[in-house]
């Protein structure tokens, strides 16, 4: 179970209020790469995990991410403290409040709808959704997802640091950014301490297709414009450039088929007949009608 | 630009129609780990990529994923071919069609709303959203996200194979599963051919916090129940077990503060006074009223 | 900041695995009335709250709701423990796994996509969204919202208890249900210890309209069929039955108007002319064309 | 403004309760082709419309759709009347209620979360969203959208009729289906009474591209497999089969370019260098590590 | 299957970078009327289509829309090329980057979250959802939906052209706009080459209600203010103005009813009694309590 | 059924057009606390309600909220009337239209995508969703939800009034705000006229836990910093401060358990072994590889 201590994990010292800056910070509060996504990602993995070591790590880090959510949320609350009170009390003339409300970065929605409170939305006011969480319940996948997620969160914090000149905010963001690096390291160690973690799952890949690279995007008429690198060239790879070898690679006819029952065939035939398009029809259409008697503005009616 | 060949990349031979199985397949058509997510993930990265080699790889693989989307979509179309025609033509008695429609796995929605066509939803009928795509525009992050995504897609295909006994469907799924493995290898190669790809971004981590592991979940009263592993133990790590060292780790007081203007202070004071809760109030509440004259069913137990 | 103890707040003893029952439980894990919604509701209010007593209460209860989220999540994890392992290991014949997967209540999606892990979705597999949280940053509103939310959560738990015959699950659900009652009481007390908490906000209601009840739904031709009760009858109310007194109640003409600049007028006139519908046109339409030469199946072309 | 009459527009006589059938009906209550979507589509168009005749038509039909929403909602309420009361009162043994709740078609969610009330979701329990409404504020587009929407709603009603054998439900559905046909006719008439309604908007199409049909999907190596019809053949069309004429159709080089400032160039060069992939690198990757010492299960490391 | 050519379908020449303009362009990349919606609309219809001619047309146009998605995406990438590199490299002082980031039109989210890459969102940063696609699997409906969709896309392009003064962007937008016109023509031809395409579906409309127009919105007390046009007047229509003829049009009593089993009746009665509102109660409410001892600010307590 | 009168419930007189102000108004049109949410909330409750008095009240108020939706929608339509026509007709130079379009508060999306029409989105352009509606079908819950919803709507109107200086808009907003107060009073009266409305539902709370307050957030090392109030102190409460009494409050061991079948045990053991993390592994990870030959920037600091 969870406990709470009234102190923050990191002290927050904001220089001055700024609702538009607050909304950029929301990206790491209620955005897809933010702390709620991180906390819930690891917390739900912890619940289902059976390996005792990983389970312990997951709840340690989930708990820390909740504490980070509190730090970034407090930054937002501090940056909005002015507009919250002024709007609540109607403390300024309407035109001044209107300006104060709409300083950009969707701060109008944060002020108007959420009263300046930290809302679980991203910086463009879209509500958080658990669709952001990509956990599927296999640790060799989920640890890779966690590694990627931590690297993303690190970079979003870096971008926020790059656009903030408030020293106190920068300081706290630097701590949060660093912890994502530490968490990534933990998840990397946990992944590689599973033997044979690649490929994920139990079923082997089909050797006929596991090492092929299909060169499907062509350069200027020939393939000389196509580039190679370790991702498609070298002893691990067989590169397939020839279009004929890229299609119906199983050697079949490349069609799709299904066996139908007699009843299904009958219904299908009836539907096909009822809804067939006559390829030889000489039809007048709604567009022809709508293009007007004086012939079409944009199309020659013949 | 894109071209299309009327043959599929892999021949699809479905044994018999089955709307409920079709809906399981939707998971890899319009689900979070499915082929549309994959295709759009790599396609949007390709558009913004400046490195010529990675750009070429991204569009090669994006194009292949579109071709996979076509294969899995055709499997769905074949499995639904019966119910589509029968519902369209009203080919059976109502009660029979009702049963046919609702064979489980949300096939009722696929039949009723989409007429048996492959819809871009997951297996539980939730529409696809680009919120599934976690691209942020930094290749050291995005390649890690791609690696994780491919490992997840591989495992979902494995699960589908595990629950399908239609030989033709199994065969095509095996091809699709294998290609996820190949794609993961390409993205791994591309990531590690970027020198110094860890940590992502440009800003260095703060050495004070980069190697610490905060042991925030405690065992039975003491910390002996806590487990160690490469993720929190060893020369790369400093483990912090002591609660006092986990709070306000910057050495501050763990509070949050902001400087306010005089006008902001005034508004805040007015708001605080207007909305203060009296801690010593002896209040009757709506719940007290609602608990009825005969005393509460659940309250005032004392 | 948050800490975690490895013991649950309430011991979970599940009788046997049951994926379809697990999914009903998801309603209180990732559903609109569930524990994540509760925890995030109070946690975000805590961040923005300035009243010290309410702030303390909000974080106490938010922390408890996180601990409830863990309890209900563990129930889900236990109920899915069998299907998770069997699907992961391909432990049964395909046809058996197919049946095991699709036992109803959307358990196919939970198994296939989430590998049997507790996912932040509702019982019908829709992802959790912060759009479920209705906090607006005014305590007299938010406390009312909290009161309502607790009463709803109580009833959903009651429904789950009504459909579960696993004694261990029932026992834990009973605890969780009871705590919602206790939380509702706290929020009621906090609301009523704010003096003059009705109406919310600072601006007074307009006395011309504050006590009127508009009887807008009519009975059988006359208003005798309309019912009265304390909500529209008595000294607090003036009931308006007469249609003429319900329309344009400000005494104006009931129209909408705006002053336009000259440029705006010009553009509007041009648009109006370009897009006017000729009320006297004798037009053939696409539907007329589509109804076929043999006259319409459903419409007399006259 | 709106008024309400306590009688329904069409009398609803349901034979017996059936929660699973109720959920199919939800498709036309809170589904994408349902009555709320219809009512809100026309109501919002009415608000912005400047042509007096169309404005009047739009609010007439919007009001009727609201009345249809009431009819279909009452059907749902009647079909759920049993399960609602039984669940509320705990009127049966748990196992019986569990069975009663989960009769399929997502009725478990409707019962558990919504208490058997008509919820604004589709038949698969996804909440209604205004993203279903495609109004863009141009009448020649919006009327076409309305025409299409009415045709879709007609067909969904037809499917519901096809799977229902309750005579009372069928009767009411037949009325609702028919009204969609009538509404489509009205919108067709309104569209064609706008002169020159094709193409929509004011800007003319570019004659170089307005009549071309690009044959981008090829048959078996040659184009002989491609089919023709009035949509790509005839005096209105110029068909382009030659791949070389389908690419960079403006005659340019088919590349994308932008002029950058000097500062932008500098930043771009720095980024390119920092993040370049070395095409000649001979790299060991995480996948190589994870494939284990005994070489890969699925891939030959060479 | 799909192939890709490294040249674009139309050459993109952007004058200078402009993140705020880029975000307007997102409307046709990841917006509801944009190219992904178009491509997926036709691609999914192609998968389920049985008529060979229509199937061929659908995949031709789907493939072209994917190529358009690439063109508009490249425009976005070019317009953001500066901010992407500058933010990535921290190339400017924080305050300058802050300004550069937030130039309006939600470009702050595109820069911060997506690193300046083309994201599948609309111009207001809402993620793309397949809920935008209204395909239902009946060609007479889907072709009408396609016609409407093309007319909408045409007009959104026209609006973008109207607000852009970059010649290269305007040029490419003009091509894309024109192609929507050509596609609309194809879909019109395909629709009208289906005989008897109106009304959609197989079931005939009920002649009692197919030609009636219900005049449900009334003018100033009488119906003289109501307008007529081809949509409600003429030989095809019977207009119903009389309120009494608009209610319970089936001639029934306009009520809703269902037959209940004895058990259901019992449960319903128990519920009704337990939850009845006493119409004669003289109740004090929470609002009364909250309005304070000094009587209500806004309501007379009597 | 519904009828409509062409007069508004309240006359709308807007001073001048202002697209950015229009978008703030959208908050009460298509936002979570807006009039559509209110109308649909009460309308859906009305459909399922069995108590005749409450049913009548619910449809009276639902009908009024629809009339309010019309009033606020007309305000939006008036404020956008200029930009709608100018954009439609291309009435200004591109650069001027670009400025006109993007005046802030997401008006660019409203103009570009919706053509200046009132769209069912909130002020930050997020589409309305029925996930905003929290009805669960129990009147003692739903009336509390309605009470809370009305108080929230009142405060959002107050905020809009505070930021608007257009006298006509302010006047109409004042009416709408006042009616929310009146509706809240009705719902309060209806709630308290249900005897024993607390707690909601039928099952009694467990007396062991119904009156406990768990003090889970601690002050500075001791609990002296914790505050008391009527919500956790007084005769109704037993406050639990001792951590040992807050954990596993049922007296169990605080673990989660489930009985597994033999087959399940076998599969679980196989999975555990296959996926175990070796706690003693000395592993090189992808991050180690990626940190480069010159040792990590951030790792191995020790």
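Glycine is no exception: its Cβ is also placed from the backbone N, Cα and C atoms.
Residues or ranges marked as Mn(2+) binding site by TrEMBL: B:35, B:65, B:68, B:150, B:183. Taking Cβ-Cβ distances under 8 Å and a sequence separation of 6 or more, the neighbours of residue B:183 (Mn(2+) binding site) in its chain are B:61, B:64, B:146, B:150.
Residue B:56 (Ca(2+) binding site) carries a helical DSSP state (H, G or I). Here TrEMBL flags B:56, B:60, B:215, B:217, B:219 as Ca(2+) binding site.
Annotation comment: TrEMBL describes B:276-302 as region 'Disordered'.
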Give me the CA-CA distance between residue B:65 (Mn(2+) binding site) and residue B:56 (Ca(2+) binding site), in Å, as a whole number.
14
Secondary structure at residue B:219 (Ca(2+) binding site) (DSSP, helix/strand/coil)?
coil
For a quick check of understanding: among the binding-site residues B:60, B:68, B:215, B:217, which residue's Cβ has the most other Cβ atoms within 10 Å?
B:68
Restricting to the same chain and to sequence separations of six or more, state which residues have a Cβ under 8 Å from that of residue B:35 (Mn(2+) binding site).
B:28, B:29, B:65, B:66, B:68, B:69, B:72, B:153, B:176
For the binding-site residues B:35, B:65, B:68, B:217, B:219, which ones lie near chain C, with a CB less than 8 A from one of its CB atoms?
B:217, B:219
Binding-site residues B:35, B:65, B:68, B:150, B:183: which sit with Cβ under 8 Å of a chain A Cβ?
none
Could you work out which of the binding-site residues (B:56, B:65, B:150) has its C-beta surrounded by the smallest number of other C-beta atoms within 10 A?
B:56
Through the lens of DSSP with three states only, how would you label residue B:68 (Mn(2+) binding site)?
helix
